[in-house]
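First the structure, in the form of structure tokens, and then the observations on it.
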Amino acid sequence: SKQAQLMEVLKKEVRAMLIAAKGGLTPEQLEEQYMAMVCKPLPLRDLGFQSTLELVTQMPEVVRICSSKNGTLIFKAIADDSTKGIAKLVANQKVKTRGKPSKKTAVKANATFLTKNSKNPQSFQTLNAGAPVLPATVKAELQDLLSSSPLLLGDLDKAFLRRFGRAFQYRQYGFLSMSEVLRSMSDSIVVEQTKAGSLVVLRKYLANNTEQEEVSEASAAEMPPLEPICETESFYQAALLMDLEPVQTQAVNLGDHLKQRQGFEQLSPTPEIPPDAVQDKSLCSLPPLRRRCLVGVIVEFVVSPSQFYIHICSTEASYKLQDLMFEMRHVYSHKVASDKYIMPESAVRPGQLCCVMVSKWWYRVIIHRVINDQEVEVFYADYGHLQIVQKSWLRFLKWHYSKLPAQAIPCSLAWVKPVEGMWSSAAVLLFKHLCRFKELVGIVDEYVNGVLYLFLCDTSTKEDVYFHSVLRDMGYADVCGENVPSQEFEKLNPSALYVQPSGKQGSAEVVEPELRLQQDSRDADSETTTSKLDGTKL
């Protein structure tokens, strides 16, 4: 029956989620994670259940129901024959990383590349990746929260809830406490001890107020107010004109434009397009990565193991994207500037590079298709996903904001293909869990039709976890030793459609990974890596 089939699929999904959660999940957490991964609630009604607890009691071979010290129910996975190895790896996962490794140890760990292992030929020696990493948007939210004034650590959760309408759930990003989150952002946030308690302050804010006796008296902030105060319209127009490029040509055009306005303003039926608005320009992609190089990556968006998007873990790139988001939010949040860049109907067309506001933040997007008079589907060039948004949320992108290359890199997992021709929902769910909110080590294999094929490895465990091996051991994938073109990307690859390549793949400048690898040792071991990987039978 349909109910029986649904129950069998659900058992696989629930087991995959619980195996990935080392400490188990509460009923509420299971509901939240299922919603986040499958994009729909648990099918309780379809199966005739009234609650999540009632559902899992009918899965005695999948779920073990436990009770914590405070009486909270915890669901833990019962591994079957195909998942015992995965459950063991998760059980060995390091919960915290304490202390700073010596330089000698770090160099030794980072200098090792993909090498053959007698017990597990397809595994690679341990690589060094970082601690849990916050997504760029969440970092930007925390910085924005602190931009107006410092906050006591005890008030941070409440302030975040008031500002963004949701609680800051640091555990879902892999952190065990808010203090651990703040330590991970020590380059931009500092915690000071005061009589009132721990005070969380932006470093830029602190630097701007070193001459003041008390932080509470400070008025300078990292970012100007998000809403206009007393500045005049001419002030904003003057500020916007400073960004025009090329300066000489644009200034002449603007002068002619203003002369026409004086004589024919009443006759103009359509709004004027600012001279620095992007109209016929595309974003460029990041330079391609060298084959067999190691990079720290964060998976930003997943459709399947054959279609996902990554960010390179580079401090410079991360700062540039965050700075861009802050600047766009500041400029477009002023009504005068925002109204100036409203897009006329004639400009709302597929392929148009522009920006869109979602939850008070502005993102660079390319219009993929026009849905109707009110809606369009856009591609987020820096994050990789498609979304339907209101036309009224769109604005012309300032020319200056098109300089940063598109940060999302389209990827497929190397050397794997789904056993059933297409990836099952359980396989996709497991892959999302493996990737979620972690800095991973990526081993570059090759580019095929603009898509990066790479191996992914989680090094936060006692034993390195290689995602292609996990999918194979779970019975979801075949490891084939070559890259099968992604069916998903063949159907639609927005990056290939709308983002211009930065240069010929394999010959352009290599993006520098941030795994603190020594350049000499990396280059020296690269040949060894290639030969050993090519000689390995998976």
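Glycine residues also receive a Cβ, built from the backbone N, Cα and C atoms like all the rest.
TrEMBL: automatically predicted annotations, no manual curation.
A quick note: this is a predicted structure, and the numbers were derived from the prediction, not measured.
So that you can see what the record holds, here are the features copied from TrEMBL:
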- 513-525: compositional bias 'Basic and acidic residues' (COMPBIAS)
- 527-538: compositional bias 'Polar residues' (COMPBIAS)
- 6-79: domain 'HTH OST-type' (DOMAIN)
- 130-205: domain 'HTH OST-type' (DOMAIN)
- 347-404: domain 'Tudor' (DOMAIN)
- 501-538: region 'Disordered' (REGION)
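Helix, strand and coil counts under DSSP for the domain 'Tudor' (347-404) come to 8 helix, 31 strand, 19 coil.
The DSSP breakdown of the domain 'HTH OST-type' (130-205) into helical (H, G, I), extended (E, B) and coil residues amounts to 38 helix, 14 strand, 24 coil. Residues in the domain 'HTH OST-type' (6-79) partition by DSSP class (helix H, G, I; strand E, B; coil) as 35 helix, 11 strand, 28 coil.
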